[in-house]
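Asks: Among the features that TrEMBL reports, compositional bias 'Basic residues' is placed at 302-312. Marked as compositional bias 'Basic and acidic residues' by TrEMBL: 944-955. As annotated by TrEMBL, domain 'Small-subunit processome Utp12' applies to 796-898. Summarising the annotation, TrEMBL assigns region 'Disordered' to 302-327, 922-955. Taken from TrEMBL, the feature repeat 'WD' applies to 61-101, 102-135, 144-185, 186-227, 402-442, 483-515, 578-619, 620-661, 662-694.
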Amino acid sequence: MVKAYQRYDAATSFGVISSVDSNIAYDSTGKYVLAPALEKVGIWHVRQGVCSKTLTPSSSRGGPSLAVTSIASSASSLVAVGYADGSIRIWDTEKGTCEVNFNSHKGAVTALRYNKVGSMLASGSKDNDIILWDVVGESGLFRLRGHRDQVTDLVFLDGGKKLVSSSKDKFLRVWDLETQHCMQIVSGHHSEVWSVDTDPEERYVVTGSADQELRFYAVKEYSSNGSLVSDSNANEIKASEEHSTENKWEILKLFGEIQRQTKDRVARVRFNVSGKLLACQMAGKTIEIFRVLDEAEAKQKAKRRLRRKEKKSSKVGDENSTANGEASAKIELADAVSSPTVLDVFKLLQVIRAGRKISSFSFCPTAPKESLGTLALSLNNNSLEFYSLKSSENAKTVTIEHQGHRSDVRSVTLSEDNTLLMSTSHSEVKIWNPSTGSCLRTIDSGYGLCSLIVPQNKYGIVGTKSGVLEIIDIGSATKVEEVKAHGGTIWSITPIPNDSGFVTVSADHEVKFWEYQVKQKSGKATKKLTVSNVKSMKMNDDVLAVAISPDAKHIAVALLDSTVKVFYMDSLKFYLSLYGHKLPVMCIDISSDGELIVTGSQDKNLKIWGLDFGDCHKSIFAHGDSVMGVKFVRNTHYLFSIGKDRLVKYWDADKFEHLLTLEGHHAEIWCLAISNRGDFLVTGSHDRSMRRWDRSEEPFFLEEEKEKRLEELFESEIDNAADDRHGPMEEIPEEGVAALAGKKTIDVLSAADSIIDALEVAEDETKRHAAYEEEKTKGKVPEYLPNAVMFGLSPSEYVLRAISNVRTNDLEQTLLALPFSDSLKFLCYMKDWSLIPEKVELVSRIATIILQTHHNQLVTTPSARPILSVLRDILYSEIKACKDTIGFNLAAMDHVKQMMDASSDAPFKDAKAKLLEIRSQQAKRMASRGDTKMEKKRKKKQKKLEEGQHGHALF
């Protein structure tokens, strides 16, 4: 009988507030911040400081390939998120659902930007390509190629008709999206261009690189008569238009440069929504905030600057030179009025200095009344900070850091009843609820490398890098005592099975045995837990790990010399020496029945030993890097191992078989803890996340799992072949080219196969029906039964069902994979499909793609002409009817909007609110005046009463 195992699946991950691989972004309301959390996106409520929703992609593959690398929010509730595998998902933040999935990039998505209305999305990637997406139509429009290195940022110009892209190839490119070509290549940067942005009025474009200055460009636009007009210096352009050398394709013209305050490269530049502030983030701890002056202020500043220059020049030189200087200064003053310089427009307001390195920032779209704006920062220590910007200073308003560690998680341990989880990091200990992932307590501590929760869940013990044992009161979240236990790093701590104490091992070559004691300190009423050293054992080398058998008979210690020594627990006499590893053993565990001991080493191997004779049962090459942890599931011979290769693996120690691989972590896994019942395990990683893996009721068989792993390997090879990463690079001309937006994937090939199968089944059904009709004319035949394979549909409906199941984004690549003969069959069915009003758009797309792809063959195929002529007559009329319907609906909606505006008091809302505010203030003042009058009357009455009483007393 084949043995069945129970599957473990990823349940939840927690501990990450903001990861460093992506930017953060506000949503359209300004109440929430979208922060990347490895493969998820957390939606944080700014005022409450809590994560209200989490956007988690549903994918069988996890790990670094699914890490979030870019976020862009639109004017609506939709948010675009780019991932490391090149996919882009459009999420609805209100519903928390994924609306669209685009997959056309071959590298990680590095830049995303919506146009102003949110109907179009531009994406840039490490594959050097830019793709334009139709968000409404859920399809890729085209691909722009030209950059020689990764695209770093994108920005739309001219109402979404043009696109500016920056790249690590040191160039800016201006693309015309209507003609799909590169209009201008802007050079001048001496290093990689990391970011680009434009103000809301599209007057200036600013770029940031590793150069010591920020570069500003003036934007030229096409006017209605086709001539070029500049928003910033119209007079200068009018003069330049007279010269024949003027380049009409020059959209960006250098406006000037501003020296930066720090030497770090620029990571990100962004204007706020009003365009009055510009923030420049460095690849360090600072952000420079510039104030953008309007045209009148800039001209006034230019006048003042040149007047100062005029006064300065009048003090130097003789009278003749003074007169000449005054004349030239007057000319410059006249020029300054028409064209201010970059220093006249952009003024350094302040510099924000954070405590840690800044990963990203975002301006709040809604400006508060009492300040210039609000800025959200994500720091590289897994926290979010919010700053309120004022004219001369900035103030930190909110910090979100409670729900995660500042650095990697070095140890995790579960309580006996599995209700509490304790994790340690370089500066703090956190207590979690493992079922919900919420942080319950945070206690400051040293650099904890190992930990233990004392029975009854009242105290925790942490072994630190400095050799100190810290006793922590979990209930009050305080550190009770520090015990100087070892002279070196405490590498491991394990409880003694009878709950009387624990054992610690250290780099000072010592193994120490401790017991619990409850003592009352002098001057304090309550009793506190303390520990005392009972005995110790000196070894010849650093001790890295320790394990005790469940019957408390043996203790095993791993030494730096790659051996494992086993001793008797009571007498500490030598019992066994386990040698065979080539590098030091990092972890040990003993099974519940005391029969097996497993060791994991830096040589990437697991070794399973018998504890009776110390013989090695099996040596398994387990991980692609060092094995960092190993644990048996209680009362079984199943075990879990973790490694620096980011994987968790599940093994059968009796059959020496690899059962499961659990992917999900994005960096080295340092620690794991398994519940007493074995129903879940928790792992902690260098990526600062903790992940819980639950045992499900779903059984699996070993052979099936092996087949699944082989299929995944085969699919990854197909993906690599489709990407052709190792093939010769296509030569792209300097001016750039446009290409198809899609790419071949497993989904595309599967969709093409399903369509070919549907066409074959439909053709067989058509022949069967024709044969039935022929037999029917000859005589009596049995009743014609519909084909069960086709679900009772007609051949045309069945093929339409197959093509409708293809994702809109994959339709073009799917049709490209079809041979010409199948494309001809498609054209035959389209006559019937075009009569269905809901399918007119789909039929038009299919017809366009087939005509573009197979134009030469269709021209030379006589049998295709009648089909094409029929389609031409039908499609033109049907598309016109659709356009008329859409136009009518748009006009009706516009009319309804105008009627609502006319009937509502929307234009006067602000005035009414102001009036109500004034009236409420007047009412308060009147009430306060009335109160004072009443108080005076009361006092007068009281005084008279007192005088009367005094008179009676005299008589």
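The backbone N, Cα and C atoms fix where each Cβ goes, and this holds for glycine too.
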Asks: Mind checking which residues reach the repeat 'WD' (61-101)? Cβ under 8 Å, same chain, six or more beyond either end.
Replies: 10, 19, 21-28, 32, 34, 36-41, 43, 53-55, 107-114, 116-118, 121, 123, 125, 127, 133, 135, 138, 646, 663-666, 807, 809
Asks: According to DSSP, how is the repeat 'WD' (662-694) divided among helix, strand and coil residues?
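Replies: Across the repeat 'WD' (662-694), DSSP assigns the residues as follows: 0 helix, 19 strand, 14 coil.
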Asks: Do you know the DSSP helix, strand and coil residue counts for the repeat 'WD' (402-442)?
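Replies: For the repeat 'WD' (402-442), the helix, strand and coil counts are 0 helix, 19 strand, 22 coil.
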Asks: Could you tell me the mean pLDDT over the repeat 'WD' (186-227), as a whole number?
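Replies: The answer is 82, the mean pLDDT of the model over that range.
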Asks: Six or more residues beyond either end and a Cβ under 8 Å away: which residues meet both conditions relative to the repeat 'WD' (662-694)?
Replies: 8-16, 19, 37-39, 61-64, 67, 382, 404-405, 407-414, 416, 418, 421, 423, 432, 434, 437, 625, 628-629, 631-636, 638, 640, 642-644, 646-650
